[in-house]
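Enquirer: Pulled from TrEMBL, these are the listed features:
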- Glu438: active site, proton acceptor (ACT_SITE)
- His437, His441, Glu460: Zn(2+) binding site (BINDING)
- 144-328: domain 'Aminopeptidase N-like N-terminal' (DOMAIN)
- 365-527: domain 'Peptidase M1 membrane alanine aminopeptidase' (DOMAIN)
- 1-27: region 'Disordered' (REGION)
- 75-128: region 'Disordered' (REGION)
- Tyr524: site 'Transition state stabilizer' (SITE)
- 41-62: transmembrane segment (TRANSMEM)
Amino acid sequence: MIEEETGLRNGNRGLPPGPWAEAAGPRPRTTERHIAVHKRLVLGFAVSILALLAVTMIAVLLSVRFEECGAAADGPPRAGGNGSLSGAARQPPGAGQPPGRPEEEEEARGGEAAVAAEEEQEEWQRRRELPPWARPRLPRYLRPLHYNLMLSVFMENFTFSGEVNVQLEVRNASRYIVLHAHRMHIEAVRVAEDKLAGGVRVARSFLYPQTQVFVVVLNRSLEVQRSYNLKIIYNALIENELLGFFRSSYVLHGERRFLGVTQFSPTHARKAFPCFDEPIYKATFKISIRHQATYLSLSNMPVETSVFEEDGWVTDHFSQTPLMSTYYLAWAVCNFTYRETVTKSGVVVRLYARPDAIRRGSGDYALNITRRLIEFYEDYFKVPYSLPKLDLLAVPKHPYAAMENWGLSVFVEQRILLDPSISSISYLLDVTMVIVHELCHQWFGDLVTPVWWEDVWLKEGFAHYFEFVGTDYLYPGWNMEKQRFLTDVLHEVMLLDGLASSHPVSQEVQQATDIDRVFDWIAYKKVRLIKPICLYTGVSVATR
């Protein structure tokens with residue numbers, strides 16, 4: 001005990017004397033000289049901070065003085081690019097904003113808007129200076145009233161020839177007739193005044209592939225508010241690319257058989273006949289198809305008369321269509337068989353497919369729900385179905401699941417043929433929703449049509465929404481509209497709409513190459529906003 005106390009008094013923390021006690025002893029205290037050095041460092045740091053603050057304040061004051069001098073020299077505030085006063089002139093005095101910066105940003109934004117408006121004006125002026133055949137859209141001085149189209153289809157070598165007579169109404173005088181035509185050979189062109197024997201002399205004609213148009217140059221201008229007839233004789237290939245008038249095939253009893261069918265949406269009718277291939281140009285159509293008697297032909301309207309020839313050919317003349325756009329015109333040449341049913345209102349519904357599929361009853365399910373859905377839509381919309389018949393055509397190959405051609409809807413086989421006794425519920429649901437979607441297009445899209453592709457949501461949005469309404473009518477126990485619509489559509493599209501890559505449902509489309517990008521999930525699925533927009537604002541569509 002005594003040794004420990006002595007060690008503590010000596011500052012050795014209770015250790016006995018020796019080398020360990022010396023090593024554990026306290027360090028010497030900081031000297032006065034070190035303290036003085038530390039004080040000088042702290043003082044220097046504080047002085048430098050104060051100097052930096054002073055320099056910053058001086059710079060701010062100088063910038064404010066400079067801007068005031070500039071404003072005084074420039075005079076009163078000027079209008080911005082959009083015709084309103086700049087941001088500095090609009091703000092009341094004492095707005096409490098930091099001096100200089102907000103006004104500069106507002107002025108910069110106004111300048112950028114002015115530059116953008118000027119560039120847009122220059123682009124518009126440049127397009128006006130282009131010849132009518134070089135512009136991305138057709139000129140508006142002509143309007144088609146009626147097409148009389150006669151086709152001869154040669155399935156043995158996959159070619160066809162055609163003669164189209166277009167009745168034109170002249171809105172503004174011009175020497176040029178510009179309409180769409182692509183991938184075809186023009187044999188002859190003739191222009192005549194309606195109901196008169198005399199023709200208008202054609203100076204020259206040419207195809208312009210850059211904009212996929214055919215140009216007829218006349219010796220004199222067409223007169224305003226007069227009607228003319230444009231006659232074009234041409235020939236082309238039945239393509240193998242699933243667009244325009246294309247061919248498909250299947251095997252039956254070891255033999256390969258071919259068929260020809262059309263896919264015109266959105267801009268492929270021009271590959272099958274010269275036409276005004278934009279949705280706004282609605283007209284009536286009278287179609288005649290000459291083919292070998294071993295085939296049958298289909299189109300939007302029922303066959304009016306058939307003329308049989310001695311050499312084994314037949315010409316089917318179809319009834320005239322109502323006013324319609326070119327993209328849902330359709331025809332087919334095949335050797336299918338069919339089954340049919342009739343709705344309460346007298347609409348004849350037929351399903352055409354390969355003979356073996358019809359024999360197995362693979363199309364019976366689609367045929368039965370189509371009849372029920374037409375009756376449902378007629379009651380729901382309070383608008384009757386517009387045509388006397390609806391054909392459902394199941395083809396082996398197609399670029400899409402289906403296409404809503406008016407009176408002749410085309411489906412790929414996997415989206416319309418099934419055997420309910422062995423098909424899964426999920427497959428049956430997929431088939432059902434595709435049929436519901438395409439039948440809705442007979443009203444939204446065919447009867448009423450967007451005037452241009454920027455408003456494709458007007459038909460696709462409603463058709464996608466009614467996939468759930470129509471399926472809910474067929475299968476009430478599945479709760480499609482109240483449950484699956486929320487999880488599969490509404491939640492998903494809101495996630496997409498929250499991304500930086502989202503866009504308005506109505507997108508600007510300048511030319512044909514921009515059309516495909518508007519067919520996306522925003523246009524198809526953003527329907528919870530579409531419904532109140534149409535109800536409360538009254539969106540206009542092309543019906544005439």
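Our numbering is plain: 1 for the first residue shown, then up by one each step along the chain.
The backbone N, Cα and C atoms fix where each Cβ goes, and this holds for glycine too.
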Enquirer: Which residues, same chain and not among His437, His441, Glu460, have a CB within 8 angstroms of the centroid of the CB atoms at the recorded Zn(2+) site?
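Expert: After dropping the recorded site residues, what remains is Glu404, Glu438, Cys440, Phe444, Gly445, Lys459, Phe462, Ala463, His464.
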Enquirer: Counting only residues 6+ apart in the same chain, whose Cβ is under 8 Å from the Cβ of the residue listed as 'active site, proton acceptor'?
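Expert: Those within reach of the residue listed as 'active site, proton acceptor', by Cβ under 8 Å and sequence separation of 6 or more, are Ala402, Met403, Glu404, Ser409, Phe411, Ala463.
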Enquirer: Average pLDDT across the domain 'Aminopeptidase N-like N-terminal' (144-328)?
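Expert: Here the predicted model's pLDDT, averaged over the domain 'Aminopeptidase N-like N-terminal' (144-328), is 95.
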Enquirer: Looking at Cβ-Cβ distances, which residues of the chain lie under 8 angstroms from His441 (Zn(2+) binding site) while being 6 or more apart from it?
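Expert: The answer is Glu404, Lys459, Ala463.
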Enquirer: Which residues of the same chain, at least 6 positions away in sequence, have a Cβ lying under 8 Å from the Cβ of His437 (Zn(2+) binding site)?
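Expert: Listed in sequence order: Ala402, Ala463, His464, Phe466, Glu467.
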